[in-house]
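Here's the structure we're looking at; comments come further down.
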Amino acid sequence: AALLPSRAQPGSEGEGSQQEGSAMSHQSARLPPWAFHASPAFRGDFCPGPAAQPALLERNQDMSRQYERMHKELTDKLEHLEQEKHELRRRFENKEGEWEGRVSELESDVKQLQDELERQQVHLREADREKTRAVQELSEQNQRLLDQLSRASEVERQLSLQVHTLREDFREKNSSSSQHIVRLESLQAEIKMLTDRKRELEHRLSAMMEENDLLQGTVEELQDRVLILERQSHDKDLQLHQSQLELQEVRLSYRQLQGKVEELSEERSLQNFNTTSTSLLSEIEQSMEAEELEQEREQLRLQLWEAYCQVRYLCSHLRGNDSADSAVSTDSSMDESSETSSAKDVPAGSLRAALSELKRLIQNVLDGADSTVTLLSVEMTTLKEERDRLRGAAEDKETSERLLQAIRDRDEAIAKKNAVEVELAKCKIDMMSLNSQLLDAIQQKVNLSQQLEAWQDDMHRVIDQQLMDKHPKEWSQLAYSFSSGYVAKQSGDEPSGAEGHRLFSFFKKN
């Protein structure tokens, strides 16, 4: 009954249907496109009543707001993702540029170090050439001085002959005038001269006795000095023996290094069959170790060759033969020319033979000095006997002539003694210089080996630190892949090889 009035009003029903149509059209304008396809009201399958239309409108509005919100969130997320993508790409480009810069810096540093090493080697070769040139110039200068000295002695001899002839001429001219007066005056002068000469001879005799005592003291001092020098020579022989022992130790280390090099070459030849399973780091380390061992071997060869040449030069210098000097100079020039081209190996036993020959020459020099000292002692005894004879015949008429002869003999003995002392001092100085040069050569070789080891350690440390700083993440992955590759090599797996190929491609790219 309540529904009848609403049906009885057709006008109001038409108006309501119009309002519903306008509301539906307005709602359809506000709904999203997918609502037309999803809602059954727009497909004509369902027509809601007036009571359900507000709920549908509100639901459609909520759904449209939810759609707008979801669309806005989606766009915001897409923008945020694009920004993150752009930021990551920019960071990746920056990191890639930094890595490339670091790699180029490392390559430039390695190249600079190699250039510096080459320059140092060139400087060393130039210094050796300058040394040989200076030695040749000094030898030529000595030869020129000897020629000048011989010419000067010849000129002096000619001048003395001329003076002698002039004196003879002067005497002949003076003898022609008033021989009696001259003879009388000469007799008076001779008497006066003999008296003066007698007094002078007495004074000289006393002075000669004093000088004889002094000479005895000097002989004793010389004997003491000879004993001291013999003791020093014994000490130097001990030092030479010690240096020979050190040289044997160096040879033993050289043989050990050769054995290591051969073992490394054998290991490398064996590892070349398994190149697919080895990693890049092990190959780099093996190549670096092989190069370092080769450099050490070349340096040891050069040092041994220099020591051998120096010992040969000292032996030739001690021989004092012109033929030997010329032969040694030619041999040294040939050795130096061959050394500049390439380092040669010292023949087996040649260095030991050269050292033994050097020791023999030094011993010969010392024996010669001892013989000269004995000769001096014999001469001193003869001088003593001559002095006794002169003392017994001091009252005779021929005392003056004998005394003058004794004085001349004494002067000659003193001159000989001084010459022998100078020669002995030169021999001792040469022996000390030889020992010091040998010790300096050994010390220089030890210092060079220590510097080489320190330089190799520094280079390893710098390269490892730069690689770790440049690629810390790849370095950790490399260590893990190296350990896993070793395990996979034992079990027969293949991931380590793939990891090694990836690492090789990464280094190749950089």
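Glycine too: its Cβ is placed from the backbone N, Cα and C atoms.
TrEMBL does not curate its annotations; it predicts them automatically.
Per TrEMBL, the range carrying the annotation region 'Disordered' out of 72-96, 97-121, 322-346 is 322-346. Per TrEMBL, the listed range annotated as region 'Disordered' is 1-54 (candidates: 1-54, 163-216, 433-486). Mean pLDDT across the coiled coil (57-155) comes to 88 in this model.
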